[in-house]
Amino acid sequence: MLTIQFLCPLPNGLHARPAWELKEQCSQWQSEITFINHRQNAKADAKSSLALIGTGTLFNDSCSLNISGSDEEQARRVLEEYIQVRFIDSDSVQPTQAELTAHPLPRSLSRLNPDLLYGNVLASGVGVGTLTLLQSDSLDSYRAIPASAQDSTRLEHSLATLAEQLNQQLRERDGESKTILSAHLSLIQDDEFAGNIRRLMTEQHQGLGAAIISNMEQVCAKLSASASDYLRERVSDIRDISEQLLHITWPELKPRNKLVLEKPTILVAEDLTPSQFLSLDLKNLAGMILEKTGRTSHTLILARASAIPVLSGLPLDAIARYAGQPAVLDAQCGVLAINPNDAVSGYYQVAQTLADKRQKQQAQAAAQLAYSRDNKRIDIAANIGTALEAPGAFANGAEGVGLFRTEMLYMDRDSAPDEQEQFEAYQQVLLAAGDKPIIFRTMDIGGDKSIPYLNIPQEENPFLGYRAVRIYPEFAGLFRTQLRAILRAASFGNAQLMIPMVHSLDQILWVKGEIQKAIVELKRDGLRHAETITLGIMVEVPSVCYIIDHFCDEVDFFSIGSNDMTQYLYAVDRNNPRVSPLYNPITPSFLRMLQQIVTTAHQRGKWVGICGELGGESRYLPLLLGLGLDELSMSSPRIPAVKSQLRQLDSEACRELARQACECRSAQEIEALLTAFTPEEDVRPLLALENIFVDQDFSNKEQAIQFLCGNLGVNGRTEHPFELEEDVWQREEIVTTGVGFGVAIPHTKSQWIRHSSISIARLAKPIGWQSEMGEVELVIMLTLGANEGMNHVKVFSQLARKLVNKNFRQSLFAAQDAQSILTLLETELTF
């Protein structure tokens, strides 16, 4: 018997997804493999995902795999590599605390005295709809069904039907929905899940319905006893697939509380299973209040992915009496506003207007090409692994795909994908891209990405081993099939080809020969294809850096794989905790290497990108811009922030920063340089058209201040509109800012304003301002920075003096539009 000892690396513990992947890895071997959690003193068959989940394994638990059988030596090598390198990738990422923190109630809402219930924010957003209570269905009718001779047959039929339904949904869904459906499919295909139902029927003589329910209760009891929140929240998944089995087996016993949403609805339930959520008409799902759902439940993950706000912590009995009433679920502030009056509804209408403006502005910004502050162009692209990720990447502002990991098509399957399957996958992403470039990295398999059906022997050091372009000659037919598929797809869009792990010119010359052979074959076969294709290499082996000039004669572009390049340059395994602190690309040697690559390539008219993790690190963006890189490719959620930051950077200043960094003697000196580097920011004018509004239909003072502060947030003049609003209200409490003549001048000197601003709203009708000076038709709000000195007094004084002038006031009230108001104020006032 051989043993692998390790500490569990999974932050969320051994839940469904990693348990399924570990089970799949272990199931490849004939040997018996036992998983042991030493903290729990729990053992499990490693070829059963449910058994693995039942061990209650948490992050950093001491664990081992015991392997015994004819292929134990090979199994140990493969599984040890998997545990050390890829096991952690099977975990899911928990939302950050910042996403889940309720904001204090803004004064513009609290002053309206709304009827509120307070909960915990699980998914942010605001939803308006009718409160609808969903009662849980009783399973007693299924439990009471007597045993039958046909039960075993019915179980097999129901399992097969459910698997077929899940597979059909998998074909129709993408993103988080697909991931969660895959987890459910893995659970029903687990031998222990169905095996325990069979044992309950044969050994305890239970009927099929009772056996399904008993199995559900047993598994849920194990999960509920776990110390891990994440594992406890998998109870909903077990209940979900068990209830689906019951409904398939006895369709005549329809659920009493089937959900049909015919109007905007705030759904209130003890819990909601993922399949129930997926069955809803999301157009009418305004929000959810789930009493028992935790922060990592699959239903909540789906809700976040669908932008559905969710609260918890509100007992059902506290809400039941409000069923059927209108409400607002505010998952920004963590409140439920019951039966809102006109004023409260008005607050949320203003909030929605601001949200719509923000969304429109973000979409417009994401769609813009990436430029530096001084108009230096740089491409911002996305790293993706499947065609399904492409639309989301482009929505985030990706100008192309800098790395399409084609090896994902080859993994987790029993045989390689054929040419047609690959062609369809590549064609799909090209059609989604339009004329945007898609860089297909040819299969980076072997080494640390073992593919069982290739039968490549295991290696002591897979990172330095037989992988990527090094295996292509042995598997020339496999490689040729991929080239044919990419060339066929390339006729439908802007496809480019990138070869990984190249270290010599001979390799790329061989690849070019294979491309020509593939083109000849496609012509012979009469298949539509591209006659030529742009060709590049991944620069991740240091030897390439010294012959970039030679490669420039053979390829069109270079993309630096910073992850592997860092490891190879320093001889550091970043997964080895003893040396991983040495893994740092921001050192003089690494930066000088990048500088050499870029300089040599540019001298010969070739472009250079970077597609490792470094490309999306906002802290190092000034260095990457300064080094002259032409493209940065990153995970798509990072793209909007990187584009926004890039617009604030001056390329000349960044070039000087990069020059100084290359002269540093240590990483610490470079970090100090970065800390001291303060990009010059555009000075935004005090008065601007974006902050002037006419004919605004506000009902009260609260809406006016809410809108003007919120608009400053939309326009990037503050990152903290709620805090800025609070400062305005604190000043308002000292003395009312109504100054007479139908004018109010709310003002504050605040740390929360990034660019001092004057905001103006001329109203469609007068509103009360709680002032002896009467109603207000014109609001002029001053928000000045805390470091403005006495400037706010000067501005306020100028305005006050001008407003005494009847002609000036009449001109303000008579101005036809916002531009006319701006022109008048710029003429009359000096700042």
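Note that Cβ sites are derived from N, Cα and C of the backbone, with glycine treated the same way.
Per Swiss-Prot, the features are:
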type	residues	note
DOMAIN	1-90	domain 'HPr'
ACT_SITE	His15	active site, pros-phosphohistidine intermediate
MOD_RES	His15	phosphohistidine
REGION	119-650	region 'PTS EI'
ACT_SITE	His298	active site, tele-phosphohistidine intermediate
MOD_RES	His298	phosphohistidine
BINDING	Arg405, Arg441, Asn563, Asp564, Arg574	phosphoenolpyruvate binding site
BINDING	Glu540, Asp564	Mg(2+) binding site
ACT_SITE	Cys611	active site, proton donor
DOMAIN	685-828	domain 'PTS EIIA type-2'
ACT_SITE	His747	active site, tele-phosphohistidine intermediate
MOD_RES	His747	phosphohistidine
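Recorded features from Swiss-Prot, shown on the structure.
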| residue | record | CB count, 10 Å |
| --- | --- | --- |
| His15 | active site, pros-phosphohistidine intermediate | 27 |
| His298 | active site, tele-phosphohistidine intermediate | 28 |
| Arg405 | phosphoenolpyruvate binding site | 19 |
| Arg441 | phosphoenolpyruvate binding site | 25 |
| Glu540 | Mg(2+) binding site | 25 |
| Asn563 | phosphoenolpyruvate binding site | 16 |
| Asp564 | phosphoenolpyruvate binding site | 21 |
| Cys611 | active site, proton donor | 29 |
| His747 | active site, tele-phosphohistidine intermediate | 22 |
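Note: the domain 'HPr' (1-90) comprises 35 helix, 23 strand, 32 coil (DSSP; helix = H, G, I, strand = E, B). Distance between Cα atoms for Glu540 (Mg(2+) binding site) and Asp564 (phosphoenolpyruvate binding site): 6 Å, as a whole number.
When the active-site residues His15, His298, Cys611, His747 are ranked by how far their Cα is from the Cα of Arg405 (phosphoenolpyruvate binding site), Cys611 comes first. Across all of the domain 'PTS EIIA type-2' (685-828), the predicted model scores a mean pLDDT of 91. The Cα of His298 (active site, tele-phosphohistidine intermediate) lies closest to that of His15, out of the recorded positions His15, Asn563, Asp564, Cys611, His747. Between the C-alpha atoms of Asn563 (phosphoenolpyruvate binding site) and the residue listed as 'active site, proton donor', the distance comes to 9 Å. For the pair formed by the residue listed as 'active site, proton donor' and Arg441 (phosphoenolpyruvate binding site), distance between Cα atoms is given as 11 Å, rounded to the nearest Å.
Here the C-alpha separation of Asp564 (phosphoenolpyruvate binding site) and His15 (active site, pros-phosphohistidine intermediate) works out to 29 Å. Calculated from their C-alpha atoms, the gap between His747 (active site, tele-phosphohistidine intermediate) and Arg441 (phosphoenolpyruvate binding site) amounts to 56 Å.
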